[in-house]
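Feature annotations, reproduced from Swiss-Prot:
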| type | residues | note |
| --- | --- | --- |
| REGION | 1-26 | region 'Disordered' |
| BINDING | ARG56, GLN57, ALA58, GLY59, ARG60, ASP105, TYR180, SER235, HIS348 | substrate binding site |
| SITE | ASP105 | site 'Transition state stabilizer' |
Amino acid sequence: MPVLHVDARPGSGPGGVSPPPSGAALARRPGLADTAPFLRACRREHPGTTPVWFMRQAGRVLPEYRALRAGVAMLDSCRDAEMITEITLQPVRRFRPDAAIFFSDIVVPLVAIGLDIDIVAGIGPVVAEPVRDAVGLAALRALEPDDVPYVADAVRFLLAELGSTPLIGFAGAPFTLASYLIEGGPSRDHARTKALMYSEPKLWHALLARLADITTAFLRVQVDAGVDALQLFDSWAGALDEADYRRYVAPHSARVLAAFAGEVPRIHFGVNTGELLAAMGQAGADVVGVDWRVPLDEAARRIGPGHAVQGNLDPTAVFAPEPVLAAKVRDVCARGAEAEGHVFNLGHGVLPQTDPGVLAHVADLVHGG
């Protein structure tokens, strides 16, 4: 599959197409909200077919991605408008999903403000100097649009290429970013994070407020450049019980989501958050992402009225025999139909050993093929 070569000079977009001007009012594509199944489902409508996309659809599951990324560090690929554009488009060509998701990483805005973070293969983000006190907090300056010029450039290039396919922007939620910063990397128990949360609540809330500002600024660049929806990833929120989530986390996620109320649909997703679904919806999401542990009809009941749901096929179901996989896909769709709106997805990201052809088959099954 050919690589898209993007001329990143001012006034030029992929394939010589001039990108649309910056600014949210000009970037929204006329009529898309009324016709795109993904956006209609986010608004709690029931389009003719269930829309589908896959978390981590742009990434290492695709051989063309691995070829493009050969010799290129993850963070470097996230800071190059040409690579962002090509990687975002690769799964759109492969699977014909109902939405594309902007290729990036949740630590990109933290690196952009000067933090020393590396993404280590097989581990994940590793923070050179963990943030555990007021001195560390002081190092977290505000994110400015000029810190991430490649983001707006890539969004504009993508809008010129995607046609009627909506583009989802994304960012990491304050709690998940805080956990990486406090722990110094991924953690099984989030012990340091919870210790700071319980023992120094003033510092904790100051840290999450700062991260909420950074996340909001990162999403603002994407929304103003023209993304059609956004997803707030709170990967580690499932480490908390509901009371702690509501007290220490939800207000900060709510502030991020509130910044985009009425502009674009807002999706809120976390892993192992079955007991937090109502609180995550109340934080201001239009769509609540659900992992595979809770059936979607039960998830919709927990979340309550006024929300669509997204999910939630077990990512390992793609390794099942086809009749088993097809039955599971149909079950997810049937349960999702009980919600006010349903966007089909996996219950977490695509596993790297997944056969891309199976994902294409899942998309066909969801669409009624």
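Backbone N, Cα and C atoms are what each Cβ position is placed from, and that goes for glycine too.
Taking the binding-site residues ARG56, ARG60, HIS348 in turn and counting surrounding C-beta atoms within 10 angstroms, the largest count is reached at HIS348. For TYR180 (substrate binding site), the count of additional Cβ atoms within 10 Å of its Cβ stands at 26 [all protein chains shown].
You'll find the Cα of ARG60 (substrate binding site) roughly 13 Å from the Cα of ASP105 (site 'Transition state stabilizer'). The two recorded residues, ALA58 (substrate binding site) and ASP105 (site 'Transition state stabilizer'), have Cα atoms 11 Å apart.
Spacing of ARG56 (substrate binding site) relative to ASP105 (site 'Transition state stabilizer') is 11 Å (Cα to Cα, whole number). According to DSSP, ARG60 (substrate binding site) sits in a coil region rather than a helix or strand. Counting only same-chain residues at least 6 apart in sequence, those with a Cβ under 8 Å from the Cβ of ASP105 (site 'Transition state stabilizer') are MET74, LEU75, CYS78, ILE119, PRO125.
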